[in-house]
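**Student:** Just passing along the structure, written as structure tokens.
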């Protein structure tokens, strides 16, 4: 196939596109209109223009980094060691694991809280035993990951279709309620730039699907057998994932922001409730609030699978680096599954409040791995030189540094 020939969508690429979408869209999508829209409408417009290319180029760069190994099919933990040496490889793998693992803990906790809340508030039943409920939910999620890749991708596909449909229908449903108040609120230049700076990380992490990129890249190579074939299909699939993320998520965000006044967005933030709960109260329409737990359930479950892949790679990569010898991968898979089951179950029972802080500490690490590491590799690693000289490299580096500086500022 000539490199200039336009790729057609096939079932394999489309399924992975939906998986990457599912990995990115977690329960945070229900708070995104509040967090992203509080700074006003016009900064949001500029961010919507920036975030699409930012998502595509950054994730494509990370995928090309994984693909650049001289040993085809190597995952990210093996590639960092190959390119940066054993010590740096161990350190990056450790950071990679500890950036993703807290998100997995939050999802184990979040799915328990979501189902428990639905049983109590929507079904009007008594709260089930948390120990049993959390074990069943987490065990089911992890058991899916023990099946082969095709089963996991198929289940993710079933979850993402209704998720996309609900977000789209809600966005359309709100159109008659749009008001023009936010269009006439013009921030000062300083206020505009500050809002842009502080809100970029909100969108970056809402569109982040880097935990699934390594598994996605390895899967693409297994499917297409050659470097050129995998490279083209990676770019094609990633472009599709970034496009549907931009359209469906940002349409939902804009529809919510245009429905509420700036004061109402601030009130929603102060009440610390999801956008759907706030809209249900505003319009006195309980049916909207019914979608909240459903969207949260679909988003957490589909995102869980992508983050599990990343956390598993990190943990198994650490073990293999420490062990330094060949091991039975199937046994290792079951051992890591047991580790995740016990840790996620324990955290879901305790329901600690410190998880959010731990997750926020992982933010700069994820941004470094996603934005800076592949761009650094393009300059320093011979296998990545083929990607040098592109304007997109400068764009990703600058946006990555802006995102990291804003995340670090937010932690201070």
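Just so you know, glycine gets a Cβ as well, placed from its N, Cα and C.
Take a look at what Swiss-Prot says about it:
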type	residues	note
TRANSMEM	31-51	transmembrane segment
TRANSMEM	91-111	transmembrane segment
TRANSMEM	131-151	transmembrane segment
TRANSMEM	155-175	transmembrane segment
TRANSMEM	186-206	transmembrane segment
TRANSMEM	240-260	transmembrane segment
TRANSMEM	286-306	transmembrane segment
TRANSMEM	338-358	transmembrane segment
TRANSMEM	361-381	transmembrane segment
TRANSMEM	391-411	transmembrane segment
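Distances, neighbours, how buried they are, the whole picture for these features please.
**Tutor:** For the transmembrane segment (91-111), the list of distant contacts is 26-27, 76-77, 80-81, 84, 134, 137-138, 141, 211, 296-297, 300-301, 303-304, 307-308, 310-311, 313-315, 317-318, 321, 340, 343-345, 347-348, 351, 355-356, 358-359, 361-363, 365-366, 368-369, 373: same-chain residues at least six beyond its ends, Cβ to Cβ under 8 Å.
Taking Cβ pairs closer than 8 Å, the transmembrane segment (155-175) reaches residues 15, 18-19, 21-22, 25, 29, 144, 244, 248-249, 251-252, 254-256, 258-259, 276, 279, 288, 291, 294-295, 298-299, 301-302, 305-306 in its own chain, all 6 or more past its ends.
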**Student:** Check the transmembrane segment (186-206) against the transmembrane segment (391-411) for contact, please; criterion is three or more CB pairs under 8 Å, pairs 6 or more apart in sequence.
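**Tutor:** In this chain the transmembrane segment (186-206) contacts the transmembrane segment (391-411) - 3 or more Cβ pairs sit under 8 Å.
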**Student:** Can you find at least 3 Cβ pairs under 8 Å between the transmembrane segment (131-151) and the transmembrane segment (338-358), where each pair is 6 or more residues apart in sequence?
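**Tutor:** These two stretches do touch.
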**Student:** Which listed range (31-51, 338-358, 391-411) shows the maximal number of Cβ pairs under 8 Å with respect to the transmembrane segment (240-260)?
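**Tutor:** Looking only at 31-51, 338-358, 391-411, the most contacts with the transmembrane segment (240-260) come from 31-51.
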